[in-house]
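For reference, TrEMBL has these:
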type	residues	note
BINDING	HIS66, ASP104, HIS312, GLU316	divalent metal cation binding site
Amino acid sequence: MNLRELVSALNDFASPALAESWDNVGLLVEPSPPHTVNTLFLTNDLTEEVMEEAVQKKADLILSYHPPIFTPLKRVTWKTWKERLVVRALENRIGIYSPHTAYDAIPHGVNNWLTKGLGACTSAPLHPSTAPSSPAEGTHRVEFCADAEHLDAVLSKIKDIPEISCLTTLPARVEGEEQTRVSLNCSQKALLEVVALLSQNSLLYHKTEILLLQKPLLPHTGMGRLCTLSEPVSLSDIIERIKGHLQLPHVRVAVGAGRTLESPVKKAALCAGSGSSVLKGTEADLYLTGEMSHHDVLDAVANGISVILCEHSNTERGFLSELRDALAVHLQNKINIIVSERDRDPLQVA
């Protein structure tokens, strides 16, 4: 596939608009066009060891879940390992694409894969995503009624205000009088001018309604998941399930105040990676994530919430095999998709 065609398909699989505002997602390194992709190489972290593997396997595009370029690079030299990744990629005509939190948000993404470690359950996003754009132009809708005496003058002034759209008028009967109902959409900036104009006439102003045009929530999409298990399960059993799902010999566990390893878990809140900010304040029996700060763990435990920590990338890497199969279908088996064998969590128990 042509690189640009493939990037478009990857963006359709998980829109970059779903990523968090602080994130750096999408195509990060692009070889000079035209660039054909025969082999797509999947990794959780793009290290120099993984880059060497990608070169050996003749990858044309690396999909790295974590963006290897996050803070801006002021130069591209051989001095730092992240700069060397860019040099190696361009020397070998390998593109780099990163989805990161866009894959956290989508219904078929990392967090939904992580829920499978809990057993049978239903789940919903902790922080639902909104649609990238509003269903209509503008941020607010303003509606008011005017009589024939004031209508033309008011409409004339409103039409001079920038960022006004969807201006309509309809006959209306108000308190037995024939009037005209005016409706318009406008931006936040234009709203101030519209309100200032209408406030000059108290009769118009008292008949004004202002509605916020909120972006609709996207179903099953967003950060984190709140999972309700079909049947309560002891904390010790949940620990074993998680270890099995993530293929880990050990996890770190903090037992909530007043709880034991045999206490039942019915509701679990989870977030792949570093989940403190996403999980904080959620009422649950259990928090499941890769890492949390010491004090956030203490807060959870004090509130009777147990915590399972699996290390950051251990809660993400296993998704790559599922992603490989999903992308093969999405891309109609047009390219070869392989998963890194050298990608691993940098931490181990000694």
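Placement of Cβ uses the backbone N, Cα and C atoms for every residue, glycine included.
Everything TrEMBL records as a feature, shown here on the structure.
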{"residue": "HIS66", "record": "divalent metal cation binding site", "Cβ contacts under 8 Å, 6 or more apart": "ASN44, ASP45, LEU46, SER98, HIS100, SER313"}
{"residue": "ASP104", "record": "divalent metal cation binding site", "Cβ contacts under 8 Å, 6 or more apart": "VAL110, ASN111, MET223, CYS271, ALA272, GLY273"}
{"residue": "HIS312", "record": "divalent metal cation binding site", "Cβ contacts under 8 Å, 6 or more apart": "GLY273, SER274, GLY290, GLU291, ASP345"}
{"residue": "GLU316", "record": "divalent metal cation binding site", "Cβ contacts under 8 Å, 6 or more apart": "ASN44, TYR65, VAL110, ALA272, GLY273, GLY290"}
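Within 8 A of the CB centroid of the divalent metal cation site residues HIS66, ASP104, HIS312, GLU316, the other residues of that chain are ASN44, TYR65, HIS100, VAL110, ALA272, GLY273, SER274, GLY290, SER313, THR315.
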